[in-house]
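A.B. asks: Okay, handing you the structure first.
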Amino acid sequence: SRSPKRKSKSGWRSRSPRGRRSRSPHHAAVKVKQERDDHCRRGNEERKQRYSSEQEHRRERSGDRDRYRDHSDRRKNLNERPGVRGHERERDVQNIREQQAEREFYNERRREHRQNNEGSGVNQNPELGQSDTKPKEKPSVNKEKPSFELSGALLEDTNTFRGVVIKYSEPPEARIPKKRWRLYPFKNDEFLPVMYIHRQSAYLLGRHRRIADIPIDHPSCSKQHAVFQYRLVEYTRADGTVGRRVRPYIIDLGSGNGTFLNNQRIEPQRYYELKEKDVLKFGFSSREYVLLHESSDKSEANTKDDDEEEEKEEESDS
């Protein structure tokens with residue numbers, strides 16, 4: 001006889017664990033394992049990429065560091081060469097001087113322009129920067145026609161000496177004199193060294209010692225004050241014929257305080273012929289410059305000899 005079936009509390013016969021299915025399915029465990037493996041693989045790939053990018057960045061930085069070190073070594077070797085550092089310092093000092101000279105030149109031009117405006121009667125209000133004159137009615141003036149003449153702007157760029165723009169250019173009739181002219185400066189009753197002014201066709205007078213042939217250190221004088229110029233000009237002889245001779249002239253370059261010939265102020269930008277024993281003064285300086293030549297101390301009977309010398313100059317210049 002069969003043994004009676006055992007019933008569980010629920011009333012059914014309990015089966016063995018082998019016969020029952022597992023509560024967690026097998027495919028879920030496999031999926032979890034695959035996800036874990038994929039995560040590890042992705043992490044390894046990301047770490048490899050990060051490591052390779054870091055290595056490349058380190059190589060780039062090391063290359064930049066090497067290039068910078070080579071460049072600094074080359075500069076150090078270049079600076080250590082004899083004369084290189086001094087040449088660079090000299091060039092920098094020269095550039096600074098040229099900039100200062102150019103700035104001073106333009107300041108001088110602005111100052112002259114301001115003085116010209118004041119001389120023309122236009123009063124400027126320094127606080128408002130506007131003129132006090134009331135606006136006048138514009139007169140009916142014909143439109144100015146364009147001028148195609150030379151303006152001289154190109155000459156300002158080309159006429160430079162030692163990095164400074166010269167406000168004056170010699171005329172085509174400039175000549176070096178054969179007669180030995182001299183300037184005898186006097187300060188009150190004190191006699192100063194003689195200036196020999198026959199070796200050039202022109203002499204620039206001014207306060208700018210870098211370019212001035214005859215320096216004038218008084219603060220009332222301009223940096224480019226006046227020019228002593230020799231010119232070949234025509235004259236009429238006693239017999240009515242026309243000849244040519246070299247004569248000295250003075251021209252004021254638009255200075256602020258003017259140039260004085262025999263205690264008379266001369267007009268700027270205009271040639272004035274000089275004669276023997278003429279007296280020149282510049283600005284408010286107390287120095288006086290007397291114009292003489294090598295035969296000035298002789299008697300008046302030697303004037304014929306002077307005329308003959310001038311005729312010789314004419315023949316040699318022609």
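From the backbone N, Cα and C atoms, a Cβ is placed for every residue, glycine too.
Pasting the relevant annotations from TrEMBL:
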- 1-30: compositional bias 'Basic residues' (COMPBIAS)
- 1-152: region 'Disordered' (REGION)
- 32-116: compositional bias 'Basic and acidic residues' (COMPBIAS)
- 119-132: compositional bias 'Polar residues' (COMPBIAS)
- 133-147: compositional bias 'Basic and acidic residues' (COMPBIAS)
- 203-266: domain 'FHA' (DOMAIN)
- 295-304: compositional bias 'Basic and acidic residues' (COMPBIAS)
- 295-318: region 'Disordered' (REGION)
- 305-318: compositional bias 'Acidic residues' (COMPBIAS)
A.B. asks: Just to be sure I understand, if DSSP states are collapsed into helix, strand and coil, how many residues of the domain 'FHA' (203-266) fall in each?
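C.D. replies: The domain 'FHA' (203-266) comes out at 0 helix, 33 strand, 31 coil.
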A.B. asks: What is the pLDDT of the domain 'FHA' (203-266) when averaged and given as a whole number?
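C.D. replies: A mean pLDDT of 91 is what the predicted model shows over the domain 'FHA' (203-266).
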